[in-house]
Amino acid sequence: MQIKDISHLYNIIKTFLLYGIDEALPQHRYTRAIRCWRKTLFWLRNQHKDKTFGLRLRLALQELGPVWIKLGQMLSTRRDLFPPDIADELALLQDQVDPFDGKIARAQIEKALGAPLETWFDEFNETALASASIAQVHTAKFKQNAPHLENRLAGKEVVLKVLRPNIQQMINADLSLMYKVASWIPRIKAEGRRLRPVEVVREYEKNLRDELDLRREMANAIQLRANFENSPMLYIPEMYKQFCHQTVIVMERIYGIPVSNIEELHANGTNMKLLAERGVQVFFTQVFRDSFFHADMHPGNIFVNRAHPDDPQYIGIDCGIVGRLNDHDKRYLAESFVAFFNRDYRRVAEMHVASGWTPKDTNIDDFEQAFREVCEPIFAKPLSEISFGHVLLNLFNVAREYNMEVQPQLVLLQKTLLYIEGLGRQLYPQLDLWDTAKPFLQKWLDEQMGIKAFTKSVKQKLPYWREHLVDLPENVMDALAQQKIIADELIHLNRTLAKKRNIPHFTSFILGLCTGLAIWLLIYLLS
């Protein structure tokens, strides 16, 4: 280990000790050594005893910087690993850091594009428009006579997003340490194996390295834009593919009212009721129609088009984090909500076990009662005031007590849903979430489980059956003929063995074995 690595490790341990994170460690010979270091090597005491553990953990990760902030954000989606209060605190981590030098950004962009910025752009602003842990953005304009540029783009305002320099080395150093810590956890904590810490770090590394290739964000934006092409509900800025690379992407610059600026939205004459309802509609359209949703829809990434305020349209930016759902996920989501609002907790419990996410030996009666105790108080509110996000959160928390491994994509969806609901009620406090969302849930369930869905499934399988039904009579006759031969042989064998009365148990065994083989062979021939 080099001197700089030792120094880096020292700073990380020191930060965790300052916030008393070591207090969460169980009594063990390894952890006793850590507590001894606090007094001898570091001369530190917990300076934040008045704060909750979740808050202390969040502050420590925030102080450690970008890589640790992103780790905390990822861990907040793993509610099978942490109690709700800690997961909620981690979800508050903000991915905001000081910008790096604009001249360095210019050099990075020119290296990626392979030519000076002046080749294609005018008015490049070296002062960053915004800055985060992985990248920052700058503004510019396309030149009027830039080479190989479509005429429609001449003079158009753009945003350039560029990765931070040396981010790869920073990530490698921190990941190496995270893997070491993860490998220790099963040794010092009885529950460590269930938590699978090395797998958690591996999942985090994959997500983080995905973010280091900005072409993924470009691809996400292109797909979302295509999904909502010509939609009055949502607009996604255009990506300019010829200028997009691993470390730089270039996109259309948009101007809109920040969705959090309620005063300006009112001043612009925005239909707030319709705007709030469209937020919910956009979300459920992404989930149930497209199986692909923008998963970072906090207020900083959402704007409202200034044009036609009576028919308001959202503008979404920063598509770096998206969620994908399969039919199994969508069925869980739709059936969970429908069963919950019907107060059918038995169905909720059975569904969790049937999905395979909760152990098969789970006691359904106890599981049902646990859901009832947690969810029933929610109905003290009017139906219109119930939060879908909190319903999901309650379901996850109960399931966690029964060893359910909560799927990350569903927790990502739950967090996004909370954003959307909070935003909707901020825009229009009387928003009825259930009334707005119910048509999407019902339509999807009808499409998947109704008569039309059955007819569609039959049509899809007809070519297979048409091909194989032709041979079915011949296969059946062959199988019956083979069965007759086998039956005759069994009768003969039975008579022979019956004569050997000194080995009755062996006889029974052979007869059973042969009968079993005959049945297996018949099934095999028929298939």
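Cβ atoms here come from the backbone N, Cα and C positions, even for glycine.
Averaged across the domain 'Protein kinase' (123-527), the predicted model reaches a pLDDT of 81. Swiss-Prot lists 123-527 with the feature domain 'Protein kinase', giving sequence analysis as the kind of evidence.
According to Swiss-Prot, the feature ATP binding site maps to L129, A130, S131, A132, S133, I134, A135, Q136, V137, K161, an assignment based on sequence analysis. DSSP assigns S133 (ATP binding site) to coil in the three-state reduction, placing it in neither a helix nor a strand.
DSSP assigns D296 (active site, proton acceptor) to coil in the three-state reduction, outside any helix or strand. The annotation active site, proton acceptor is assigned in Swiss-Prot to D296.
Residues or ranges marked as transmembrane segment by Swiss-Prot on the basis of sequence analysis: 506-526.
L129 (ATP binding site) sits 19 Å from D296 (active site, proton acceptor), taking the Cα positions as reference. Of all the binding-site residues given, namely L129, A135, V137, the one with the smallest number of surrounding CB atoms inside 10 A is L129. Counting other Cβ atoms within 10 Å of each Cβ, the binding-site residues S131, S133 show the lowest value at S131. Listed in chain order, the extra residues whose Cβ falls within 8 Å of the Cβ center of the ATP site residues L129, A130, S131, A132, S133, I134, A135, Q136, V137, K161 are P99, A128, V162. Listed in sequence order, D318, C319, G320, I321, T416 are the same-chain residues six or more apart from D296 (active site, proton acceptor) with CB atoms under 8 A from its CB.
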